[in-house]
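Per TrEMBL, domain 'RCC1-like' is recorded for 148-482. Look at TrEMBL and you will find 164-215, 216-269, 270-322, 326-379, 380-431, 432-498, 499-534 tagged as repeat 'RCC1'.
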Amino acid sequence: MDATASGTPTIQYHNIPDQPITTIVATPVPTFERRQRHCSGTSTPGEFPLAANPSIVLHVLTACNLDPQDLAKLEATCSFFRHPAHFAPDFELSISELAALDMCRKRAIFKPMTAEQRQELKQRCGGSWKLVLRFLLAGEACFRREKSQAIAGPGHSIAVTSKGTVYSFGSNSSGQLGHGTTEEECRPRPIRSLQGIRIIHATTGAGRTMLISDAGKVYAFGKDSFGETEYGVQGSNLVTTPQLVESLKDIFVVQAAIANFFTAVLSREGRVYTFSWGSDGKLGHQTEPTDVEPHPLLGALENVPVVQIAAGYCYLLALACQPNGMSVYSVGCGLGGKLGHGSRTDEKHPRLIEQFQVLNLQPMVVAAGAWHAAVVGQDGRVCTWGWGRYGCLGHGNEECESVPKVVEALSQVKAVHVATGDYTTFVVSDVGDVYSFGCGESASLGHSTAADGQGNRHANVLAPELVTSLKQVNERVVQISLTNSIYWNAHTFALTESGKLYAFGAGDKGQLGIELVANQTERGKPELVDIDLR
């Protein structure tokens with residue numbers, strides 16, 4: 001019987017919403033003497049002596065890597081787990097709070113924080129170590145922090161190994177490959193000047209690359225501008241090797257996003273900062289296009305921790321982690337309904353997308369395409385909204401949607417990852433299957449109707465279709481990256497669990513990392529790139 005349906009009230013603790021718990025009904029068993037067990041017992045025969053061995057219980061809770069939600073349930077159902085445990089470093093903390101703190105200490109971005117910084121983060125997250133743990137885990141889940149990754153940028157590509165080594169290849173007219181030259185590279189080449197620096201995140205824009213180290217430092221190269229349009233005249237200075245961004249040296253950065261007219265970064269504490277595109281207050285502040293100083297994103301997100309940012313054409317999405325659940329905010333240009341508020345008007349300050357509450361969906365991953373956006377929910381549902389040209393929303397038509405709408409064609413699929421580009425969308429399921437839909441230009445969807453791969457691979461796809469060419473490689477896909485640009489021919493990367501990288505789509509600038517023969521400009525089927533990202 002469902003506890004909620006039966007009228008039993010759900011229990012909340014530390015503002016973490018409880019989920020309905022299904023009662024297990026056991027079949028009758030032969031009669032025998034039953035002994036009542038009390039979790040706070042100490043010596044009575046048959047009782048489990050938790051109180052006599054709290055250190056063992058703490059070790060078990062920490063070693064099992066329990067979800068923050070489970071820790072909250074323990075506190076709500078048993079006084080032993082919510083009373084002070086009298087352990088260092090805080091004798092007033094309960095066993096479940098200490099377990100959450102111990103698990104936080106295992107996280108890479110939490111380890112170097114000072115005691116004062118940790119307390120500040122705790123208060124920002126809602127005053128509980130369980131909420132801090134949820135914030136850290138959510139950040140790790142929604143983008144590949146500390147893991148291998150591949151970025152299909154506008155004409156050039158970046159690949160990062162699990163050890164933090166960076167490879168680049170493709171177009172290099174602005175020095176965006178970081179090798180000290182402006183020559184194209186058709187094969188992955190390591191960036192030698194980064195030796196000794198571990199990179200955990202990368203992002204690309206037209207003619208520009210930004211990398212983030214495990215120490216929170218940001219390195220940029222290519223066009224020397226934070227706010228240049230894809231074909232603009234600003235940033236005439238070219239930087240051909242990675243240079244430390246001095247204006248961010250006092251901010252521990254964990255993610256960056258490059259969009260048209262502006263750049264955004266996310267700090268370890270969940271604060272969002274933006275550069276440029278503020279001359280008319282478009283991002284809530286007044287700046288010049290050539291500004292190199294970060295400005296905090298004002299408004300609703302000032303005191304709300306953000307775990308992921310995603311940028312499209314002139315707009316920004318932010319996935320926030322609040323005590324009452326996950327939520328998505330949007331700011332910027334509203335053309336096509338891509339901000340998700342039921343209209344096409346611009347927003348100068350971050351605004352909550354309320355439709356997810358209507359859908360009863362907890363957002364876990366957010367993606368911003370050039371003109372449309374997508375979210376994966378905790379339950380595996382996929383929502384899309386914005387400009388539906390070429391079928392990029394996956395609803396079987398080309399209509400615009402100004403609020404998030406569930407992709408019904410994926411109702412039997414539990415999604416874990418979504419990626420968006422210029423009118424293109426990819427979804428990865430929990431078993432590693434990949435679905436794509438939208439614009440088929442440059443063969444970047446991975447579909448082909450002929451055995452030789454030369455079928456109608458440029459056709460637009462209005463509803464999600466399984467990418468059978470990736471199914472045939474017999475590798476579980478964990479990440480998809482595709483070009484998010486309105487000016488460059490698109491290419492796509494599929495990264496597998498074993499660290500293999502497959503590429504398809506446009507390769508005219510060497511951005512696939514494989515050599516094309518004769519007059520070839522693209523590859524319609526996934527091809528293995530000669531690089532090991534394990």
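Backbone N, Cα and C define each Cβ position, glycine as well.
Counting residue by residue with DSSP, the repeat 'RCC1' (216-269) contains 3 helix, 24 strand, 27 coil. Between the repeat 'RCC1' (216-269) and the stretches 326-379, 432-498, 499-534, Cβ pairs under 8 Å are most numerous for 432-498. Same-chain residues lying 6+ beyond the ends of the repeat 'RCC1' (499-534) with a Cβ under 8 Å from its Cβ atoms: 148-150, 152-153, 155-157, 159-162, 167, 169-171, 184-188, 442-444, 446, 448, 453-455, 457, 469-470, 473, 475, 482-483, 488-493. Touching of the repeat 'RCC1' (326-379) and the repeat 'RCC1' (432-498) is concluded from the presence of at least three CB pairs under 8 A, sequence neighbours closer than 6 excluded. For the repeat 'RCC1' (326-379), DSSP puts the residue distribution at 7 helix, 25 strand, 22 coil. Helix, strand and coil counts under DSSP for the repeat 'RCC1' (164-215) come to 3 helix, 24 strand, 25 coil.
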